[in-house]
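Colleague: Take a look at this one; I'll ask things after.
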Amino acid sequence: MNRLSTKLVVAIGIGSALYGILGLWGFSIAPNTFIKPALAILTVFGALFGPVAGLLIGLIGHTVTDTIAGWGIWWGWVISSGIIGFTMGFIQKRVGFSVKNGTYNKGDISYLAITGLIGIVIAIIFAGAFDIIVMGEPFDKIVIQVLGATIADVIVFLVLGLPITIGLAKSNKKHTHLKIEK
């Protein structure tokens with residue numbers, strides 16, 4: 001069995017705390033549905049530390065948000081955050097990609113964009129289905145929430161998560177185009 005390194009455990013703890021606290025803030029766009037900039041944390045930490053870290057940060061962080069907010073833990077949405085974090089972490093497994101070393105190409109960015117978008121859609125549909133089947137929520141309400149949450153998460157991913165991750169990778173490049181003059 002693979003053990004989690006101390007570095008990975010610390011990253012999961014920090015990421016979960018950030019995602020959990022930042023998840024308390026957002027802009028309402030539908031019933032119980034918000035644009036939450038915290039989603040960018042899942043993108044960045046997933047890209048830095050991989051799918052397991054992304055999964056655990058999503059699960060733990062969302063549980064923290066729901067607990068602090070006092071509205072009860074909505075497990076379908078907690079699991080959906082884990083799914084999103086997990087899919088954001090797929091990029092870290094690509095050969096040649098490293099945010100830490102600043103190594104990436106256009107194909108890597110496209111891969112992150114595609115896996116991120118697919119992960120968001122799958123996760124939100126899962127959360128909606130869970131709410132209807134397990135929680136007994138009305139179908140009409142959930143359709144609005146699923147559409148709103150999907151749009152909100154895609155916006156945050158494309159406007160914050162992806163650009164921040166690319167920016168971090170660019171800032172960590174090990175080479176420069178500057179030339180040493182003799």
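Every residue gets a Cβ built from N, Cα and C, even glycine.
Sharing the record's features from Swiss-Prot:
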- 9-29: transmembrane segment (TRANSMEM)
- 40-60: transmembrane segment (TRANSMEM)
- 71-91: transmembrane segment (TRANSMEM)
- 114-134: transmembrane segment (TRANSMEM)
- 142-162: transmembrane segment (TRANSMEM)
Colleague: Any residues 6+ beyond the ends of the transmembrane segment (71-91) with a Cβ under 8 Å from its own?
Modeller: 19, 39, 42-43, 45-47, 49-59, 61-63, 97, 108, 111-112, 115-116, 118-120, 122-124, 126-131, 134-135, 153, 161
Colleague: Six or more residues beyond either end and a Cβ under 8 Å away: which residues meet both conditions relative to the transmembrane segment (9-29)?
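Modeller: For the transmembrane segment (9-29), the sequence-distant neighbours (Cβ-Cβ under 8 Å, at least 6 residues beyond its ends) are 35-38, 41-42, 45, 48-49, 53, 56-58, 60-65, 68-69, 81, 148, 151-152.
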Colleague: Which residues, given as numbers and ranges, are at least 6 beyond the ends of the transmembrane segment (40-60) yet have a Cβ under 8 Å from it?
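Modeller: Residues packing against the transmembrane segment (40-60) from afar: 4, 8, 11-12, 15-16, 18-20, 22, 78-93, 99-100, 112, 116, 156-157, 160-162, 164-165, 168.
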